[in-house]
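What follows is a single structure, written as structure tokens, with notes after it.
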Amino acid sequence: MRIAVASDHRGLDLRNKVINVLESLGHEAIDEGSCGSESVDYPDFAAIVAGKVSKGEVDRGILICGTGIGMAVAANKFCGVRAAPCTDEVTAEISRRHNNLNVLCLSADLLSPRVVERMVEVWVNTEFEGARHARRVEKITQLERDYLGRKN
């Protein structure tokens, strides 16, 4: 699987850990920055990854900022992107199983590297269940079409 990964300045160390985890699991991790510890604006990096997911250039994305919330808000502005901040293995698993989440958003300030490692492993290895959840995800896609004028 091709997975784009980006962070703001607060998530730099954790981003490197996530990339290592993805590669150890046999996935192609595409590092989209940021570079260095100088303050940057998280929406810029959310746009890079969400744009690639939206266009189908990558299978999924992982974004890291202080809380994961801002990245999720920005990423969800892109057609076909389903992004959310997850806080543990359970939310990471359910986000895939029930919501077919394609962008995982992580907190650099609130999560330990070990917890993030397990979350990433669970998230990339969990399949979407489909069935009643597919109907619900399709309704979300229809909301994009109806209210945002998006053609996906």
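A Cβ is built for glycine as well, from the same backbone N, Cα and C atoms used for every other residue.
As recorded in TrEMBL, the features of this protein are as follows:
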ACT_SITE  Cys65  active site, proton acceptor
ACT_SITE  His98  active site, proton donor
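Taken residue by residue with DSSP, the residue listed as 'active site, proton donor' is part of neither helix nor strand, so it is coil.
DSSP assigns Cys65 (active site, proton acceptor) to a strand segment in the three-state reduction.
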